[in-house]
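J.: Right, I'll just put the structure down here and ask away after.
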């Protein structure tokens with residue numbers, strides 16, 4: 001451990017905020033494996049107890065983005081979109097954001113979905129996609145080929161962020177939320193231009209939008225929907241929208257989209273096998289209305305953020321029409337087939 005890193009740790013332990021560059025230095029040391037487990041635990045808890053600042057979150061994200069395995073981002077008209085949540089909201093819902101990515105892609109967006117295994121549900125994005133035969137550890141060039149040909153790819157977080165492994169045992173033993181809970185959505189190796197990002201707490205909505213602005217994201221909606229890290233079908237969603245470098249706070253309700261609220265229990269998921277059946281039904285234009293509407297709400301807001309709809313409501317209508325066409329399911333089948341090309 002260098003003298004500079006030791007001084008930064010002491011500064012953190014003293015309750016003093018770090019600059020963005022200082023936070024980057026500390027977390028670069030972490031992902032290089034230079035900090036032992038006790039030090040990592042002390043760092044994460046010192047930040048948690050005081051409360052992480054915008055600069056600290058941004059600096060940690062800078063370090064992890066810089067250390068990531070590179071993704072050969074293709075030159076695409078219209079930019080790249082990600083639909084992602086922090087997880088950790090405590091609800092075991094169906095895979096709303098993951099399912100919404102296929103709808104957005106079928107409606108014309110280029111979606112690079114960055115995900116991992118489950119945090120709060122029984123089935124995270126990679127758990128679900130594996131059920132459809134999608135090769136999670138596809139080579140970066142294969143993922144880029146999928147994005148260019150199909151308008152969608154999946155980037156499995158551990159495949160790109162090997163340095164995070166140094167914090168895994170500590171996070172498991174601490175068994176409490178830390179900075180790493182919000183870092184995942186911020187370190188997509190495709191560096192998306194547009195994001196619909198759900199957070200597990202309303203208090204994170206504006207701060208994370210400020211971080212996205214600092215990281216250079218062009219347009220985004222950061223959302224929290226009455227307990228869920230999604231746009232809510234069961235109640236009011238708090239939104240902070242990033243547009244042209246400015247942040248605007250507002251709320252959305254199901255009635256804004258011509259929908260009646262449902263009970264959150266109607267969105268409960270199950271095992272990866274159960275959720276795969278639900279996702280397939282939704283993408284084929286079948287299944288429960290509540291499932292369809294929850295996915296279309298999130299896909300619609302993402303299409304709005306990506307500039308493919310003038311309003312969230314117009315995005316919702318486009319998503320509903322896309323689901324009815326069955327084209328979203330075709331995207332899923334296409335990704336499953338193309339992701340396997342490394343094995344051919």
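Just so you know, glycine gets a Cβ as well, placed from its N, Cα and C.
Sharing the features that Swiss-Prot gives for it:
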| type | residues | note |
| --- | --- | --- |
| BINDING | 85, 116 | anthranilate 1 binding site |
| BINDING | 85, 88-89, 93, 95-98, 113-121, 125 | 5-phospho-alpha-D-ribose 1-diphosphate binding site |
| BINDING | 97, 230 | Mg(2+) 1 binding site |
| BINDING | 171 | anthranilate 2 binding site |
| BINDING | 229, 230 | Mg(2+) 2 binding site |
J.: Taking each of 93, 97, 171, 229, 230 in turn, which of these binding-site residues have a Cα lying within 10 angstroms of the Cα of residue 85 (anthranilate 1 binding site)?
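T.: Those near residue 85 (anthranilate 1 binding site) - Cα within 10 Å - are 97, 229, 230, in sequence order.
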J.: Go through the binding-site residues 116, 171, 229, 230 and tell me which ones have a CA within 10 A of the CA of residue 97 (5-phospho-alpha-D-ribose 1-diphosphate binding site).
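T.: Near residue 97 (5-phospho-alpha-D-ribose 1-diphosphate binding site), where near means Cα within 10 Å, the binding-site residues are 229, 230.
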J.: Which residues in the same chain, at least 6 apart in sequence, have a Cβ under 8 Å from the Cβ of residue 114 (5-phospho-alpha-D-ribose 1-diphosphate binding site)?
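T.: In sequence order, 82, 84, 155, 157, 184, 185, 187, 188, 189, 190 meet the Cβ cut-off.
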J.: What count of other C-beta atoms do you get within 10 angstroms of the C-beta of residue 93 (5-phospho-alpha-D-ribose 1-diphosphate binding site), across all chains shown?
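T.: I count 26 other Cβ atoms within 10 Å of it.
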J.: Rank the binding-site residues 97, 116 by the number of other Cβ atoms within 10 Å of each Cβ and report the first-ranked residue.
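T.: That would be 97, with the highest Cβ count within 10 Å.
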J.: Rounded to the nearest Å, what's the C-alpha distance separating residue 93 (5-phospho-alpha-D-ribose 1-diphosphate binding site) and residue 116 (anthranilate 1 binding site)? Just drop the number here, would you?
T.: 16
J.: Helix, strand or coil for the residue listed as 'anthranilate 2 binding site'? Use DSSP.
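T.: SS state of the residue listed as 'anthranilate 2 binding site' = helix.
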J.: Using all protein chains in view, find how many other C-beta atoms are within 10 Å of the C-beta of residue 85 (anthranilate 1 binding site).
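T.: Other Cβ atoms found within 10 Å: 29.
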J.: Whole-number Å distance between the CA of residue 116 (anthranilate 1 binding site) and the CA of residue 229 (Mg(2+) 2 binding site)?
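T.: Residue 229 (Mg(2+) 2 binding site) has its Cα 15 Å from the Cα of residue 116 (anthranilate 1 binding site).
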J.: Enumerate same-chain residues with a sequence separation of six or more from the residue listed as 'anthranilate 2 binding site' and a Cβ-Cβ distance below 8 A; give 'none' if the list is empty.
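T.: Same-chain residues close to the residue listed as 'anthranilate 2 binding site' (Cβ under 8 Å, separated by 6 or more) are 44, 178, 180.
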J.: At a 10 Å cut-off from the C-beta of residue 229 (Mg(2+) 2 binding site), count the other C-beta atoms across all protein chains.
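T.: The answer is 29.
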